[in-house]
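S.K.: According to TrEMBL, the domain 'Cadherin' annotation covers 10-116, 117-225, 226-330, 331-435, 436-545, 560-648. Positions annotated as transmembrane segment by TrEMBL: 680-702. If you look up TrEMBL, you'll see 768-795 marked as region 'Disordered'.
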Amino acid sequence: ILLLCVSGMKAETGRYSVPEEAERGSFVANIAQDLGLTGEELSARQARLVPEGEKQYLQLNQHTGDLVVREQMDREELCGQSEPCLVRFEVLLESPLQSFRAEVSLTDINDHAPVFLNKEIVLKIPETAMPEARFLLESAQDPDVGNNSLQHYSISSNDYFRIYTRRRSDGRRYAELVLDRALDREQQAEVVFRVMAVDGGSPPRSGTALIRVVVLDINDNIPVFTHSLYKVRVLENSSEDTPVVAVSASDLDSGTNGEIGYSIVQNSEENLQTFKINPETGQIRLKKSVDYEETKTYEIDVQATDGGGLSAHCKVEVQVEDVNDNAPEVIITSLTSTLSEAAPPNTVVALFTVRDRDSGNNGRTSCELTGEQPFSITPLAADAYALVTSEALDREDVAEYNVTVRARDEGSPALSASKTLLVRLLDVNDNAPTFAQAIYTMVLSENEPAGTSLGRLSATDADAGKNARVRYALGPPPPGAPATASFVSVDAESGTVRALRPLDYEEVRAFEVAVRAADGGSPPLSAQAVLRVVVRDENDNAPVVLHPPADSSAAAGELVPRWAPAGYLVAKVVAVDADAGQNAWLSYELAKATEPALFRVGLHSGEVRTARAVAERDAPQQRLVVVVRDRGQPPRSATATLGIALVDGFSDAFLHLNHALEGRQQQQAQAGEEDLLTTYLIASLGCVSSLFLLSALAFSAAKLCQARLRPRLSPPPARCYADADIATDGVDVAGTGSLSPAYRYEVCLTTGSGRSEFQFLRPVLASPQSNAEAGTGEDEEALCSWQPAGEEEGK
């Protein structure tokens, strides 16, 4: 791109001319023809003019390529006496970017006539003046230049004088009167005639003034200057009243005729505004500061006049020396204020020129960029430069640049000027969204209604505009995974995650789903994260009592001997809760009892024990209601009903067996506390189910045996206790061990039978392993036998 642009930026300057004060719309030239383009091409490439100054004097017709006058131009106002008078501008074309320099020369027209500042000029000439004596006249002023400027002077006819037109070193013309014959004051004291200044225009213009020559009485010595030409130098910007030079003249006369006064002869209004002279000392000083860029040389005519009216003249040539008082100017001719961040290196950003009004080394300039930025300056032509990119750009690092171009001259001390260009970068979709977290974990309480907000996903995109607009969506589940997308949804704009339906902790405890964030670029970029939803348990399940079963008989479910001491284990209530954590922590308490002071329930174990020793006065049938309550908020509870029978005559073997079972219970409870809750639940449910089946079988077998014995035996009246659990091996609520199989006995007691006449029948075990754990010795193999009065043995 840079090569195409630079190749089209020609260093040649197009030159045109137009008369000054040409009417608006006056044709100057056809730019399209000079550039080798048609009017359509010129319009398509958006041609425009960039003037060198602030004012636009010319206008370009984009359709025809004609360069016309936009505003009347006065050469004298724009350039003064400078020649040539040029109006410079640049023609800028786009696609590709090209620049052409051009200048229009304003040709002078004779629109000003010569003018004498004083309409009457008085000359005092002594009568002793010799023929061919010369007298300097005040010059006429003509702002025009060239042939249109003042060309010659003439005077009206008279008997004493003729006039000569002289040329100064700067090209200006002045007049000298030459005396043809001697003056005689006694014959004619005053000579009056007219002087005419004529320019070279067509038609010529002229101006006149009246010359009055006063003939003075004799004064035979005129002042004489020490130098006919004084050359001096003065620095520009010298302050007011700065001494320039002192001229000196002498007169051989005495008295008033020898007294000399100095004055500056009016030859230009500029000289009168710039210099002043002390009439007594001849010291010339500045009335205002001088500027090298406006006027480089001044030529002053100084006149010395004695008291007798005689005068002499000298010239003072003042050269203004340039001082580095003008800083360079940076002029932007074309600027691309917005630039794509994907722009390659060497992309043209701006075109500019540097101008310094000083001369020599003071006017030589160089350019540089301040700071470290991805831009550089490429020279194109004399004082013309291009600002280009030097490396790849990234809007996410820097969104805009303040590029400062500094121009410095070679003066001493050097002066500089800066121009700051604002370059904004346009975004390109080169950044994918980024999640704040790789994994989002959100908690949802179970049974929350649909629409409940779980939290908010957050992803950011370093791009801008639509490229940074992030939208969220759930990703598809992997093959074979559950359809977790039916559980939650995500808002596409805000990223808010909401539940689609209530969830049950007991069914779904946690799940993961992929979430995707995509930006609005073309093509869009995206990123993924994992959303993990943890379902928080709520206390929505009441405890379930596993033992005793809800449908068991509460009349005489447990047997307790009358001699049972305090702390005797009667039974154990086993319950489970499907909830988790604190919601599944269970506590047991005695809600109702026939004898409240007789029994107590372990708060955490659920063990029912005697609170004191059983007394004879205690009722034989006891009914206990145990409340099982969890620790949820609000707590939930269940009740278990125990039927307890207080009996007499338990043998020592039964007590030993009971104590052994108690010890084994404690060991199993301690071991069960270390198991997992899941294993506990499965084992408990399996054991309870097995216990129920075995109890039913044992009960049926016992009833069948009893029915067969009744026809053969006529026992005395006996008190029988039906099937009951003598001991159970329960599990603590925190354990996961299995319930040991229950021992079932059929107990038959005769009236008045002694303790020695009571024996255990063979227990019915759930499994061979249970038989082994139930006890040792022959008692396990023996059947319970009883002996009625009068008989030696029986079964």
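Including glycine, each Cβ sits where the backbone N, Cα and C put it.
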S.K.: May I have the DSSP-based helix, strand and coil counts for the residues of the domain 'Cadherin' (226-330)?
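M.R.: Counting residues by DSSP class gives 10 helix, 49 strand, 46 coil.
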S.K.: For the domain 'Cadherin' (560-648), jot down how many residues DSSP puts in helix, in strand and in coil.
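M.R.: Helix, strand, coil within the domain 'Cadherin' (560-648): 4 helix, 45 strand, 40 coil.
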S.K.: DSSP on the domain 'Cadherin' (436-545): how many residues come out helix, how many strand, how many coil?
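M.R.: For the domain 'Cadherin' (436-545), the helix, strand and coil counts are 7 helix, 46 strand, 57 coil.
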